[in-house]
Amino acid sequence: MSVQEYLDKHMLSRKIEDAVNAAVRAKTPDPVLFISNHMRKAVPSVITKIKARQILDSRGIPTVEVDLYTNKGMFRASAPSSDSSGMYEAVELRDGDKGVYHGNGVMKAVNNINEKISEALIGMDPTLQSQIDQAMIDLDKTEKKGELGVNAILAVSIAACKAGAAEKEIPLYKHIADLSGGTNLTLPVPAFSVISGGKQAGNNLAIQEIMILPIGASKFDEALQIGAETYQHLKAVILEKYGAQGCNVGEDGGFAPNISSFREGLDLVKEAISRTGYNDKIKIALDVASTEFCIGTKYDLDSKSPNKSGQNFKSGEDMIDMYKELCSDYPIVSIEDPFDKEDWEHTKMFSSLAICQVVGDDLLVSNPKRVERAIQESTCNALLLKLNQIGTVTEAIEVVKLARDAHWGVVTSHRCGETLDSFIADLAVGLTTGQIKAGAPCRGERLAKYNQLLRIEEELGDQAVYAGEDWNKS
């Protein structure tokens with residue numbers, strides 16, 4: 001085949017001429033680079049390769065990382081992970097070999113990507129997120145993604161979302177907004193974890209965490225500054241009262257002094273806030289994670305205190321009275337999982353008081369069926385969105401729409417096992433969730449999300465809107 005025949009066969013002469021004319025019209029100072037980019041854009045992008053591997057999360061436990069390739073480049077994503085999966089949420093696939101990573105290896109999930117998912121998705125358009133996600137759901141064929149593993153499916157779904165944004169040449173958060181049919185972009189109020197307890201810390205505090213929300217900030221940059229300064233003041237308060245050992249941190253970066261009561265922790269946070277001078281800009285939130293210390297129909301607030309366990313049982317009604325007192329004595333505006341995951345009755349009773357935002361995490365597990373039930377029964381008024389509880393970007397968008405239609409608040413959330421992937425930052429902005437829970441203003445895997453929000457705010461410039469006082473408005 002001659003050169004001319006080759007040019008004619010692929011219509012290269014016309015394509016090159018179009019590229020040159022475009023360079024002339026643009027008066028580009030670097031025509032070679034311009035023509036190269038112009039030609040690349042002329043080629044429709046498809047998924048050409050998917051490669052997965054096993055990496056470690058922030059706890060030193062394996063999780064899945066994916067490199068997804070198109071002719072626009074390589075797009076990397078990793079799946080967050082958690083301690084365990086509830087019966088209503090998607091299932092992580094673990095190897096189960098106790099001799100390797102204590103059974104927590106994820107090579108089965110990795111192989112499922114490299115051998116099954118890859119074959120199904122190669123050649124697909126990365127901008128068609130719903131079709132990509134549906135192809136994986138169809139391949140898995142189980143309700144909870146137990147065949148391929150939610151850790152496999154989610155990592156690929158996120159990587160494809162990043163590739164789709166690149167193909168459209170727009171920021172990831174704008175691509176997510178497009179996928180959801182939204183037009184507004186809002187920087188969320190961060191819920192910084194400052195005191196850790198429950199399963200995530202070695203102290204005697206039964207509840208999982210105490211958080212601060214810089215609702216009164218005017219922009220995200222200021223909110224991050226308020227959070228970081230308060231965190232450092234809290235460290236000083238704890239150091240004075242409990243010594244250096246009290247400054248140890250839990251899995252999400254919150255301090256874990258050896259305290260055992262709600263009030264002891266709240267008083268520490270209140271003192272730190274007063275030292276910052278930000279009293280009028282900061283509110284407090286609790287993640288009680290009550291399921292962890294619920295025994296039958298009672299709640300054991302001393303469940304982590306060996307000498308006192310069993311002596312401080314509270315009924316559901318007792319817990320409601322306690323929450324009412326705490327919300328009266330402290331600037332608490334949100335309580336997550338105030339009751340056991342199956343205690344719909346008391347969650348609804350407390351929510352009906354309209355004292356604060358009531359967030360469903362273990363109660364809902366981002367499961368649309370449980371969200372629909374909670375909406376119908378007015379059980380709570382906010383969704384905690386955890387991507388690996390549901391499994392794909394498309395399903396996350398759909399469950400957020402459910403919550404929004406019910407005029408609920410939405411909190412985009414990290415997991416205890418995190419990586420440096422900052423996807424949830426873009427997700428929170430693109431879906432305008434108004435709230436993000438990504439841990440303390442400490443530890444790299446947590447700050448990756450907050451620092452990405454700084455970049456997004458900078459990129460949006462004068463168009464940037466911080467949720468602020470509208471943090472829980474739908």
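Every residue, even glycine, has its Cβ placed from backbone N, Cα and C.
Note that the coordinates shown come from a computational prediction; the quantities given were computed from them, not determined experimentally.
Taking Cβ-Cβ distances under 8 Å and a sequence gap of 6 or more within the same chain, the neighbours of D252 (active site, proton donor) are S193, S196, Q200, E209, H414, C416, G439, A440, R443, R446. Summarising the annotation, TrEMBL assigns active site, proton donor to D252.
Taking Cβ-Cβ distances under 8 Å and a sequence gap of 6 or more within the same chain, the neighbours of K386 (active site, proton acceptor) are P80, S82, D361, V365, S366, S413, R415. The annotation active site, proton acceptor is assigned in TrEMBL to K386.
Note: D287 (Mg(2+) binding site) has non-local neighbours G198, I207, Q208, E209, M211, E336, D337, V359, D361, i.e. same-chain residues 6+ apart with C-beta under 8 A of its own C-beta. The Mg(2+) binding site annotation in TrEMBL covers D287, E336, D361.
Taken together, the residues of the domain 'Enolase N-terminal' (47-176) have an average pLDDT of 95. The domain 'Enolase N-terminal' annotation in TrEMBL covers 47-176.
Here TrEMBL flags 184-474 as domain 'Enolase C-terminal TIM barrel'.
Other residues of the same chain near the Mg(2+) site, with their Cβ within 8 Å of the Cβ centroid of D287, E336, D361, are Q208, L286, V288, A289, I335, D337, V359, D362, L384.
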